[in-house]
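A short write-up of the structure that comes next.
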């Protein structure tokens, strides 16, 4: 009996083993592997294989476990699949809703060191980091489907990062942390729906499983990665503030490395992609490595390039604490939407810079070369507008000119000045390197004359004999030379056309503008070197200078006055002003009359008065309608006297209103005129031949302006130094020997053009 029972048990075990052997041969595995499997592994692999039939009913062949005739095309397909797995640089895996690995390719051993047989049929939770269990559960969970029940199958995209166990040697494992390696998994969750026979509009769905591809992230050591022409790397702190950038970033994005250092990566990323970048940054801090989605990196000259980054946290070798972030970035496209500016960094970077600074004693050859180089560099770096320009506007006017309720003041235009060819330059003796923005106000500029009602209506006037041509030249000096062939169209840009540093042009310059030339003779022909505003990034605003001009000194000019000298000069002038004020307060009105040669009377500012039509040179003027008349005007020695006093309320427009309605900032173009006054020597010891016989007028609108901005040059708040009363008193005390140029700005509608304009009027008076 015992022998029979032993034989029966042996036979049963042999039959069982043969069945397991036959079952193992049915598995899609090499015979070398299946022959060494134990029974538990065969059962585990078989159940996993059966589950795969639910996911892929048509599976790996015509019928599971049945051999069939194979065609040459099928053999090619199998070989192609094998090669794809080898070149994938990753592994494919299928996970059931309960976390069981139904299938994983044999290439997993290359990245993890774990065999295919060991992983198949086991739970994936045994091979991932404990902190990633919740994330894996969320990935495998299917929510209520939003698709119609008539759709039988659909996929839900999944992309996530897992820290999987890695048993490779350190030299082959790459970057690991605690025996885990970051794997980027991307794939889809497959959902199948079924409809009920009794209720065709109701149904149920089945979560079939997750099909994904796992990729190993590149190692952190940059020396192990060959940087191609479309790649650059950067090193950043843990908050993504850039510390170091590869030089290739200049070729790919336009930014130099020093332009991006100490700035965060978020400042140079498209606003729609910052959320994805933030998520990637969070994953990087948690898991140590991450691959970002495709995002748009803003280029320097407008537009963007599509980039994908592989970032890694580098730990300190001594303390094993996170030290910094190293990222390898792949630039996938060329610059798209060139000229479209989405960042202030792009706006400031895309503006052409006009530099006029040179050495203290430049030669004529250097000046000529500098002018040519400025012209060529400016043409090559012309600014491109981020918004479409409409043909209905003037070709040189920005879009903000039309939209601004201030009528697009020429002091607040946003576009950069454009360069003229030498043939189109306004004058031969002036090197007007910048062409001024043409403004649609057909009223031009007027310099230092009295007006009657008839001239105010006719939009032009005649120069009297007392109106000297030099004053118009002085106005053209500060406001720019009118462009020839454009009639009353004036370039109202607050740029300073510089003269060429040659003796011939200097003599012509002094002969044409003797009053300004006299000022330069007193001060050694030195120009002010403050930056002037030509454009503004904000529509209708006069702030934030874009194109900057720095003037040059003439060849024979001495050193420019320093800030200390200017401060001493201004302090001395303040003392003189106070002394004159005290004397004028004590002196009666007849003494004032004896000092100035005439009694102090109120004359008119843009008022009606009767005067025979004078003869002289025709000068187009502003149509100053609806101006309030004053009482009378006083004449002295056949010359018109401008008013001594103008209240702030009587001025046409305060300078502070030149800026946009949403801004309280003063136009820097007006500030230039004030700074030119501050630089001028206002001592009464000049010769009479260096100044005109009639001193210019100081308008009351400058009182608030000087109160606010007198400190810009000296550093002290000289509150009462440059108000209209003080300047008038000083002018009387100096017997009219002082020359000053101030801007008087007036907002005036132009019905012919359909929007408002701004004209700048320079007047001269006692």
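Residue positions begin at 1 at the first shown residue.
Cβ from N, Cα, C; glycine included.
Here Swiss-Prot flags 1-53 as domain 'bHLH'. Taken through DSSP, the domain 'bHLH' (1-53) splits into 44 helix, 0 strand, 9 coil.
According to Swiss-Prot, the feature domain 'PAS 1' maps to 77-147.
Residues or ranges marked as domain 'PAS 2' in Swiss-Prot: 218-288.
Taken from Swiss-Prot, the feature domain 'PAC' applies to 292-335. Per-residue pLDDT, averaged over the domain 'PAC' (292-335), rounds to 90.
Look at Swiss-Prot and you will find 336-766 tagged as domain 'Single-minded C-terminal'.
Marked as region 'Disordered' by Swiss-Prot: 353-431 (among others).
Swiss-Prot lists 353-365 with the feature compositional bias 'Polar residues'.
The motif 'Nuclear localization signal' annotation in Swiss-Prot covers 368-387.
According to Swiss-Prot, the feature compositional bias 'Low complexity' maps to 373-385.
According to Swiss-Prot, the feature compositional bias 'Basic and acidic residues' maps to 394-404.
The feature region 'Disordered' is assigned by Swiss-Prot to 528-563 (among others).
Here the domain 'PAS 1' (77-147) has, by DSSP, the following mix of helix, strand and coil residues: 34 helix, 13 strand, 24 coil.
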